[in-house]
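If you look up TrEMBL, you'll see 18-272 marked as domain 'Protein kinase'. Summarising the annotation, TrEMBL assigns ATP binding site to 47. Residues or ranges marked as region 'Disordered' by TrEMBL: 311-341. According to TrEMBL, the feature compositional bias 'Acidic residues' maps to 324-341.
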């Protein structure tokens, strides 16, 4: 583990070896590879970000927020290391891929299937909010499915996360199809937790219907029309959807964030409580933020030391395996085609 005073660029190669040449994902950040820890044989996903100007305070915040999280429905952080060319962020490897891929393959889920994953999602989001963290980019592409035993949804990618509800977010960020009305309207500051709930509603709708709730049926790639429909909370509910599910979505898609259903309200909604998954922790209900479980984790001093070294430009810009940096490609509705892990 890196120390606060000595950061060894050779630690990465001494500790990890590549499983194969394939990439788990690519994006504007860089790329992610499946790696094997030499000492234990365990698999980890390592996210590689090019050293230098890409190592911003935004990256530091993502890492420090992620480090403090320990929950079955959130991808587990392990450590950060530095190579001669990259900052490497090691985290739990989730072998089932993105939930997005399952929806694409199946078209849409039954209410029972969607509820199963939605219960996992809300369990993880409740934990984040109890930790005083808003994710701010919840979407199908940022949820992974662990197939080790029974399927378990895990939230990943904390690049847009914001810690501390006493310092509410002001920046208008996120993926357009999932952005809440208050973010589109430029409210400053806005309630990051309420905006997360809106995104959870979009995610649920896509699982159930197979398309985004606010895209114009006649012009689905028109982002301006979608924004107008979001601002009016104008969406259609299928006739064969149960009344309880319609009620839940209607209460989530409330333009007024003060009247929008909260995570606690979702937990008590009848549709959510049907067939509650036994491996979904209901979460603590005590007021106030939870204390992070940091036992055995890389210290913040060590993490900051590694990040500080990684902010220095690399001697060469190529990756350890010769890959070029790959930027995320944007389509008309503003959603990324890359696989941000």
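In case you wondered, yes, glycine gets a Cβ from its N, Cα and C as well.
In TrEMBL, annotation is done automatically, which means it is predicted and not curated.
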What is the total of other Cβ atoms whose distance to the Cβ of residue 47 (ATP binding site) is within 10 Å?
25
For residue 47 (ATP binding site), the three-state class that DSSP assigns:
strand
